[in-house]
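What follows is a single structure, written as structure tokens, with notes after it.
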Amino acid sequence: MSIIKMADLTLANQRVLIREDLNVPVTDGKITSDARLRAALPTLKLALEAGAKVMVMSHLGRPTEGQPEEKFSLKPVTDYLSAALNYPVRLVTDYLDGVDVAAGELVVFENIRFNLGEKKNDDTLAKKLAALCDVFVMDAFGTAHRAQASTHGVAKFAATACAGPLLSGELEALGKALDNPARPLVAIVGGSKVSTKLTVLDSLAGIVDQLVVGGGIANTFIAADGHNVGKSLYEADLVEEATRLTKQAKANNGDIPVPSDVVVATEFSASATATLKPVNEVTADEMIFDIGPETAKALTEIIANAGTIVWNGPVGVFEFDQFGEGTKVIAQAIADSSAFSIAGGGDTLAAVDKYEIADKISYISTGGGAFLEFLEGKKLPAVEILEQRAK
């Protein structure tokens, strides 16, 4: 993959427009998780230290285009950056006709989605953004799967278009995990539905040595294995797909192991009583919410022998502690492994935080949808345009 990197360019006195993913959760004007902001800071500091005139843009939430709303403002983000950089960062609301920025100064543009044409990748908007800068830096892996004016269009028209350190790092880590992995390659895919991750499972079943499924996804595989899943969340219409995927994995000398024991309850609530039982004893009124210790132990052994681990999704309803032991054991096994490990997806990152293993994972991806699309083997539009511009 050949793309120009920000680190290779001389940025002194250059107008540098950086697209970051600063889409953080904000409640009552307060940021509740700063993970994406922390991930973006090294890029911003590098550009500032290089003496660039730095402009930063991002979306936040899903406002109606052309209708600015205070709850979607990047003001809390701007305040956070001011504190983190120990420097007064300006929030600029009218920027499309030009902005005065001094060398060594950083400003933040108000929510890019307040502009008409952002989502549709409108050329007029993209050209206006491109005219603001000498160098466009795409650094938002989390939005790289979307062709929008601020991720794709601007890269088409900017004088120079390159990848920032965060995006470059994501692509290198994912490439290391999927293109030329140390074997055995183990992928752990959790989540509620097979349908939302079918293409991911399809793609991975052909390249991994072991595909571990968890959460609601596992229930469909349990049903495909001939067991009763009671009232569990599962997709009856995808049982045949689950059978096909298992056969596909086996044809590739891999496997998709089905849990031997599970943790069940008769209601979905924080106070539900958890019961451990063999997978073939689930009754009609029960729901599966976690894997049992026997299954967790077997998966721990698979993880311990891995050369590369890709983790996307918890294996149980870990938000409730009585159904969190499976995810906790898996998380700890990944943390204890010497394999190259990469974790991505919102729920996965929440589990990484809960069990405090962030420093034990080789690479934590900031992307949700982009991470999944990369796993599916899809081209990311915002990366593709950078490749074209590098030629």
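Using N, Cα and C of the backbone, Cβ positions are placed for all residues, glycine too.
Remember, predicted model here, so these are calculated numbers, not experimental data.
The substrate site recorded in Swiss-Prot comprises D21, L22, N23, H59, L60, G61, R62, R113, R146 together with one of R36, R38, namely R36. Residues E319, G345, G346, D347, T348 are recorded by Swiss-Prot as ATP binders, and the candidate that the same record lists for that site, out of K156, K176, K197, is K197. In sequence order, R36, S58, H59, L60, G61, G142, T143 are the residues of the chain that are 6 or more apart from N23 (substrate binding site) and have a CB within less than 8 Å of its CB.
For the substrate site, whose annotated binding residues are D21, L22, N23, R36, H59, L60, G61, R62, R113, R146, the maximal Cα to Cα separation is 18 Å. Cα-Cα distance from K197 (ATP binding site) to R113 (substrate binding site): 27 Å (rounded to the nearest whole number). Non-local neighbourhood of D21 (substrate binding site): R36, A40, S58, D139, A140, F141, G142, T143, T366, G367, each in the same chain, at least six residues away, with C-beta under 8 Å from its C-beta. In the three-state DSSP scheme, G61 (substrate binding site) is classed as coil.
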